[in-house]
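What follows is a set of notes on a single structure, which appears directly below.
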Amino acid sequence: MKKITNIGVFTSGGDAPGMNAAIRAVVRTAIYENIQVTGIYRGYQGMIDADFVNMNRRSVSSIIQHGGTILKSARCLEFKTKEGRQKAYDNIKAHGIDALVAIGGDGTFTGADLFSKEFEIPVMCIPGTIDNDLYGSDYTLGYDTANNTVIEAIDKIRDTASSHSRVFFVEVMGRDSGCIALNAGVGGGAEAILMPEVDSGVTELFDELALAESREKSSMIVIIAEGDQNGGAYNVAKIVKEKFDHLDIKVSILGHLQRGGSPSSFDRVLATRMGFKAVKELMAGNSRATVGLRGTAIVTTPLEEALSRKEFKLDEELLAIANIMNK
Ligand code: ADP
């Protein structure tokens, strides 16, 4: 096994709170182990442009509490071409980088898998996305922080909703995943939750709203994941308005604020454990794998498996509980 001397670390694709904490853990673990670290700016684009920075312990001082990513992120179409990846490889080789830690989502992992196979470069991946939609980890980086952000927003919306006896349709992120909707919906006491994975249709929502009305609730909050099959919050609001035209309906799309903010304690600790594990695994000769949390343990999953499998991330028991809470 070839000894690793210089790890290139980068963030790519959608950003998520906790990415900085993961970068910090990679840098500090590697330096502790006498391995150099190169920061690669803007993900794969930075590899192609040779946009590198040599990192030391101080480069990552006071970043653990910040959202976003100090190494920036980007989407890079050129990396999808053989020529682009060749350019990236020539640059990292010239800089002495002999292993990679990629922090990102599905797309980032797909690129890392391909690159590692083509050029025989060891790579470990850390799942960073607020959507929590990756195989191989119970929780992805940023998901817990996003849930807290959404709950805070729901609490604030609830204040104004109850003052005016309004019904609010709050759209949260999750194109294919209802994880944020379910968790924040339960935590925020929503009257109804619509998720892409659950084909509930609007009839059930009508029933839930009618029930809430019969109980003389002064306000109602419906959480809708952006990928819900009924077409997002505006569309659902329109359908509901046609049937309940006496209701004072408002729509609030939370949008990108869910991707920002200071990472929660949970995300900081998770990121630190994942960054540490990624470096240790590279040193032990592991490659083409993701690190993740299973129960309380940090484990690895081969990239091939992580990329080819889907898991149903909604907690079945929580789904059942959510229904009872709304009744
Ligand atoms: P995420 O990592 O959040 O899923 P993207 O899907 O945008 O975000 O992927 C991030 C980057 O990974 C892309 O901009 C591209 O550079 C690279 N990538 C994605 N898919 C592939 C692929 N099939 N081959 C090579 N690189 C890819």
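Any Cβ shown, glycine's included, is placed from N, Cα and C.
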For the substrate site that TrEMBL gives with Thr129, Ile130, Asp131, Arg166, Met173, Gly174, Arg175, Lys250, His256, Leu257, Gln258, Arg259, which of Glu204, Glu208, Glu226 also belongs there? Glu226
Which of Gly8, Gly14, Gly18, Gly178 belongs with Arg75, Cys76, Gly105, Asp106, Gly107, Thr108 in the ATP site listed by TrEMBL: Gly14
Looking at TrEMBL, which one out of Arg58, Arg85, Arg158 binds ADP in the same site as Arg24, Ala25, Val26, Val27, Arg28, Gly189, Ala190, Glu191, Arg215, Lys217, Ser218, Ser219? Arg158
If you measure between the CA atoms of Arg175 (substrate binding site) and Gly14 (ATP binding site) and round to the nearest Å, you get 13
Can you tell which of Gly14, Gly105, Gly107, Gly189 has the least company, meaning the fewest other C-beta atoms within 10 angstroms of its C-beta, among these binding-site residues? Gly189
Based on a Cβ-to-ligand 1 distance below 6 Å, what subset of the binding-site residues Gly14, Arg75, Glu191 would you report? Gly14, Arg75
Looking only at the domain 'Phosphofructokinase' (6-280), what is the mean pLDDT? 95
Among Arg24, Arg28, Lys250, the binding-site residues in question, whose Cβ has the most other Cβ atoms within 10 Å in this structure? Arg24
